[in-house]
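**Student:** Before anything else, here's the structure in question.
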Amino acid sequence: MLTKRTLLSTLVGATLACATLAPLPALASKAEDTLNVAFSSEPEALDTYKIAGREGLILSRHIYDGLLYKDLDTGEFKPALAESWAFTDPMTIEFKLRQGVKFHNGADFSADDVLTTLNTVVKPDYGTRYQISVDWIDRVEKIDAYTVRIHMAKPFAGAVEMLADALPIYPHEYFAANGSAGMSATPVGTGPYQLVEQTPGVRYVLERFEQHYAGSPKGQPAIGRIVARTIPEMNTQYAELMSGQLDWIWRIPPDQASKLERRVNIVNAPIMRIAYVNFARAANEGGYAISDVRVRQAIIHAVNREQIAKVFGGAASEVLNSACNPAQFGCEQDVTRYDYNPDKARALLQEAGLADGFELDMTFAAMPRPVAEAVAADLAKVGIRVNLNENQYAAAVQKWREGSVPALFSNWGSYGIGDVVFIQSNFFGGGADDQIADADIAALLQVADTSNDREVRKANYSQALKKIADRAYWMPMYNFNINYGLADDLNFQPHPDEFARWWLASWK
Amino acid sequence: MFRFLLKRLFVALLVALAVSSISFSLAYLSGDPAIAIAGAGGSAKDAELVRQLYGFDRPIIVQYTDWIGQALQGNLGTSYYFSMPVSQIIAERIPVTLVLGSVSFIVALLLALPLGIMAALKPNGVLDRIALLIAVSGQAVPSFWLGLILIVVFGVWWNLLPISGADSWQGFVLPVVVLSYYALPTLMRLMRASMIDVLQANYVRTARSKGLGMTTVILRHGLRNAILPLVSVAAVQLGILLSGSIVIESVFALNGLGRLAWESLLRSDLPVVQGIILILSLVYVLLTTLADLINAWLDPRIREA
């Protein structure tokens, strides 16, 4: 019959078509000197000042340079586009700029680039995404072609941290002519790699910039070409890594990492991001169960954080006692510790008149449900009945800021910066995210955040963190870590700030 | 026919407008867009700045009328995430979805029609059972699972086909297999049921008793009538495929509209979400209108109804 014959020929044709496809050559990345990497999320437009996602920021740091650079291995600030810098008074920093630096478009770097870039991005209508990164700058003044001064709008202890690669310098003529959209479409920087091709959010091709200035703290890259693609499905990434078409992937969940270990090179490293449970203004206002400090202490005693960190966090995760990451400057560790002790938790609840337990509404966002359920299950063992509400991050934070969430379980990355100013003040400094509103702590932080004296800062942060722990305002959970999947012939060193530094990578 | 066409197009336009206004307000229900855009780690101050810059502090009705006014002039706004015109982003992503959706639809249809007809010729026969098996497995096997199995077999074990991306036509082979396998059962079962009905009709018996061959009876008399219900369903199926299968585009890392819509929603990139919804609702409306017109052309009784 005609239809039968048609069907058969279609099927045979399709099979033959598949069978005759030549096997694909595995992309020999080392042989082609191309580092093939994949992200799960689409990188944002590459105007660094407008973006928040780590993927876009990683690419940006390869394309752009800042005035300074922080060597995370030593904690030392190094000269980058600025050769030297000094505070001429507590509110003014003077920079001597490096000469002979070229932008990717051939333009020469000078004071005008610093002036145009920073004076543009501080304007509110430019829409710089993280205001904390620029709102401390009042204006930039040009002294001569290679000297500039930053006049600060307010004292800010994180200024030097911010200048270290977080505030890239754009070529002034190109930036003035093309604006943010131009920088996003065809970014031009002085970085070790230049962008040669992009399909926004999908595929980016970077090539080593052969004229990258000598003496750059980033050094001269060993790998000539980087191709970064977005592959949303992790299983597809694993398959590509195993078949040699990818050399670098990251954020592999712990359970998957242990399975993949037998087939690919897995590297695990801690990062700045930490998980926490924050108790809201109810903690300080009275009238709620968690208004009683004994109840909050009972909660921390009741949760087996050690076990949760071990099971869900991964190899490099550790239980935290202080409301910060130990890798950060000023993160005092000598604070009140709450060991896992359900009996003590029950006793504290009894003391607080809640022997029969109570109901606690806990919202969680950007945390895996099983972790939230583990916390709730531990609390149930001492009689605290947790109502878990899973929210999108934006919805959870909105409710938190409105004050309608008694307990929020989430995580915080401190922008990947190793200084407690980027976590303490957000949650306890009196801003919208500070629902505890403890005036003593806010006052201590005010001094610490604005002082240039590291000892003063340390002492104040220490006092604040001790009080937070004593009053059990926070339940610090554990620090996050990242699993990287690497090709066997790739040398790659991870860093705790979640910025992949491919300029330091090399082939074995 | 012209009046029918005008009436149908007017209704289509109203539906597209209604969908766009509902989607506009729904997009705000996933939380404060200003906080989402300010990002994880964005402070209340960052969110406030975003709120002012993007005009989220205006009443939603003002935002909607502004947006629809611009959209009617062909301006779908600028993506918050990519800092690019929405129309440009959609134009970059739509070819992938169009190719994937249309090829999958054609493959599914080319398999569904003969399979459905053959199954209908001898209900409960061997071919019918094979067709049923294909239909049941097509409906039961999750697309992402089938996709991953094909990736392991063809990409990792045999290294025959690309696993991800749409750099070459080969990149479409596996996703098209998965997507057409997903679309096949509905079309095939409908074709089978419809053909069984038609084959029992009096005019078919008459045609056969006149001595016409089975192939002629099926192709000339049966198919024209049996295909009527299939046209409407096929339009919806094509619409689904063109909307971009989020799962398939994610599994095979194809940068199509489906994935873009999903990710834009998660990051509250509202101009992109709204642009895609508007375009896809127009595509749906267009396809169903087209299906109605084809049916009206095939069966004059529908025009007069």
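All residue numbers here begin at 1 and follow the chain in the order shown.
Using N, Cα and C of the backbone, Cβ positions are placed for all residues, glycine too.
Automated prediction, rather than curation, is the source of TrEMBL annotations.
Sharing the features that TrEMBL gives for it:
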type	residues	note
SIGNAL	B:1-27	signal peptide
TRANSMEM	B:94-118	transmembrane segment
DOMAIN	B:94-295	domain 'ABC transmembrane type-1'
TRANSMEM	B:130-157	transmembrane segment
TRANSMEM	B:169-187	transmembrane segment
TRANSMEM	B:227-252	transmembrane segment
TRANSMEM	B:272-298	transmembrane segment
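Help me see these features in their spatial surroundings.
**Tutor:** Among residues of the same chain six or more beyond the transmembrane segment (B:94-118), those with a C-beta under 8 A of the stretch's C-beta atoms are 127-128, 131, 134, 166, 172, 175-176, 179-181, 183-184, 187-192, 194-195, 218, 223, 234, 237-238, 241-245, 248-249, 254-258, 279.
Tertiary neighbourhood of the transmembrane segment (B:169-187): same-chain residues 99-101, 103-105, 107-109, 111-113, 115-116, 134-136, 138-139, 141, 143, 146-147, 150-151, 154-155, 161-163, 230, 233-234, 237, 240-241, 245, 248-249, 251-252, 254, selected by CB-CB distance under 8 Å and a gap of 6+ residues from either end.
If you look at the transmembrane segment (B:227-252), the same-chain residues 6 or more away from its ends with a CB under 8 A from one of its CBs are 96-98, 100-102, 104-105, 108-109, 143-144, 147-148, 151, 163-165, 171, 174-175, 178-179, 182-183, 186-187, 190-191, 194, 258-262, 280, 283-284, 287-288, 290-292, 294-295, 298-299.
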**Student:** Residues sitting near the transmembrane segment (B:130-157): Cβ under 8 Å, six or more positions beyond its termini, same chain?
**Tutor:** 115-116, 118-119, 163, 174-175, 177-179, 181-182, 184-185, 188-189, 192, 245, 247-248, 250-252
